[in-house]
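Trainee: The domain 'MacB-like periplasmic core' annotation in TrEMBL covers A:17-237. Per TrEMBL, domain 'ABC3 transporter permease C-terminal' is recorded for A:267-398. The transmembrane segment annotation in TrEMBL covers A:18-38, A:264-288, A:308-335, A:371-394.
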Amino acid sequence: MIFIMAWRNIWRNKMRSIVIILSIAIGLFAGIAVLALYKGMMKSRVRTVIDAEVGHLQIHDTSFKKDYEPQFVISNGADLLKNISSMPEVKLAAPRSITNGMLATATGSSGVQINGVIPALEYEASQLKKKIIEGNEFYPAKKNEVIVGKKLAGKMKLKVGSKLVLTFTDTSGNIVSGAFRVAAVYQSDNAPLDERNVYVTMNDMNALLGISNAFHELVVLLKNDEDVKTVQQTLRKKFPAYQIETWREISPETDLLVKTVDQYSYIIMVIIMLALAFGIINTMLMAILERTREIGMMMALGTNKIRIFSLVLMETIFLTLAGTPVGILIGWLAANYYNRRGLNLSGMGREMMSSFGFNPLIYPEFPADKLMGVLLIVVITAIVSCLFPAMKALKLQPVEALRL
Amino acid sequence: MNTVIDAHNISKVYNPETIPVYAVNNVHLHLERGEFTALVGPSGSGKTTLLNMIGGLDKPDGGNIFINGNDITKLSANELIDFRLKNIGFVFQSFNLIPVLTAKENVEFIMQLQKIKQSERDERIKQLFQQIGLEDKLNERPSKLSGGQQQRVAVARALASKPQFVLADEPTANLDTKSASNLLDIMAKLNKEENITFLFSTHDQRVIDRARRVITLVDGRIVKDTAVVSTEHKEAATIR
Ligand SMILES: Nc1ncnc2c1ncn2[C@@H]1O[C@H](COP(=O)(O)OP(=O)(O)OP(=O)(O)O)[C@@H](O)[C@H]1O
Ligand SMILES: [Mg+2]
């Protein structure tokens, strides 16, 4: 009976209840929208890290990553490449020769990481070809072509066709340098990376380094994201001499970012609910105040405090939960709509987004995995918000309430 | 005959520190089972205060109240809630019913609180609504009932638990003459046929005329306690 009373009581002041139910629906929608946006951003960030930056796995000589010294190569590169490329889980393996060096023009110089790549493989592994915004891909017949990032090009005043000199040490410690011509300028979603990385062909690079049939890094792309751990284990067994890392280990900041953002999204949800709690408390207080005589009468007749409390609690929970399905539904519809269409946030500034490594076109995704957490927060909000109004109700003295 | 209410020397003082108001002043009251008694007196004479204390809604500042031999002045607030639920039927002047519940649900609610079984409830509700003549209004909300009908439902609810006695504070104050007399008919009938004890306060002479005993309060003291030996003779005997 208390249950029926609670439900009907909500509809006594329809306008007021609808306002609070709607605000909960909107608050929940806002929360879900933020979660969906975050989820979309994180997914796209992870995709970028895997598809355009580090790949699923990378293989290096165990000493290479300490100082990027050129002598720590993976020798017998061709065999390894063939071996790994033929694994069933592997979509693609792309080798890179890497060294740190100096890029110099007539007007200035800048420290860069020089990546010697096999163009056809690199275009697949890091989408290099797609990132080109000016100029053309490596022209097979030409030697000493370089592709530079937009940020670096701007800083060094480089254009397609500009000449520059790359200087670095070879495997025996001699300083070598080569004159290169800018073939293209690229831009990725990650501006800091663009500023550091330049690409040349592995042939040109290995010739200067003095190595052959060897490279420093092998990027492995898998067919399925889920296979990362198992393939890593298989490779570790097969090639114990090499350092084999997953993208999480290579880019721990991405992993951390995803985890931090997960926590933030709950915090945002709690803040939204906290704001709503005041509205709920206010509504319930008004409802109790209006019904002072009625509650006094119920107590006079012998309704005990537990029942009065459950009445207030249930009313609050109904009031809170009534808006929940609506909010979740709108959130779900909006998330799905933009998931298909994509949400362009370049209004916030492409520069800003890309300095954090994000693509401004986001595909929000309904945070189904967080739904239980969100519901829990909503229910806790209801319970907490009912406490104060319930205390007010329980403090009523029947004699005084009835005299009013 | 057995005693239902035995109030000894009870008092209630408001504002004891500033200007003390003796709402009820050293009152003795004794009620036997089956009485049909009116409490009368001018406004502010202490009728409501006295009824509230007897009903366990308010605590006297002095004296003891025995209901069926139990001293309710010794009970805690929570014990009193339970005591009221099990022993006393209430009919208030107005705003008796829970507006979101139907007439039937209002009566059933109290019976549920008393943990009466469903089958027993249904039977009792049927019987009670017959007695108050509202069998056809079972599923109406209070707002759809007239003031008189609402008070009749309140009487039905007061009786639902078969209480020791029913306290009614000016039950007819908001009713027109016809409804008032109708309510009194029902109360008198229940009193006669089921031996239910009624104690009600009133200003209305026509209601007073129906009582079999009339207690008059002035300034918190009982100044007159008249038993009407029989309604035919209307022969009054002054006890005090
Ligand atoms: N809470 C209170 N604080 C102070 N004085 C009170 C309080 N309640 C009642 N009184 C006083 O106690 C006296 C008795 O009041 P009570 O309500 O019992 O009278 P009553 O006989 O029921 O009057 P009425 O016929 O108007 O209902 C009055 O003088 C009233 O002013
Ligand atoms: Mg009164």
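The backbone N, Cα and C atoms fix where each Cβ goes, glycine too.
Automated prediction, rather than curation, is the source of TrEMBL annotations.
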Trainee: Write out how many residues of the domain 'ABC3 transporter permease C-terminal' (A:267-398) are helix, how many strand and how many coil, based on DSSP.
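Mentor: Its residues divide into 109 helix, 4 strand, 19 coil.
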Trainee: Taking residues 6+ outside the transmembrane segment (A:308-335), which of them lie with a CB under 8 Å of any CB in it?
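Mentor: Contacts with the transmembrane segment (A:308-335): 2-3, 5-7, 9-10, 17, 20-29, 31-33, 36, 280, 283-284, 287-288, 295, 298-299, 364-367, 371, 374-375, 378-379, 381-383, 385-386, 389-390, 393-394.
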Trainee: Same chain, outside the transmembrane segment (A:264-288) by at least 6, Cβ under 8 Å from its Cβ: which residues?
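Mentor: Same-chain residues near the transmembrane segment (A:264-288) but 6 or more away: 9, 12-13, 16-17, 20, 23-24, 27-28, 30-31, 34-35, 38, 295, 312, 315-316, 319-320, 367, 370, 373-374, 377-378, 381-382, 384-386, 388-389, 392-393.
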Trainee: When the pLDDT values for the domain 'ABC3 transporter permease C-terminal' (A:267-398) are averaged, what is the result?
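Mentor: Residues in the domain 'ABC3 transporter permease C-terminal' (A:267-398) carry a mean pLDDT of 89 in this prediction.
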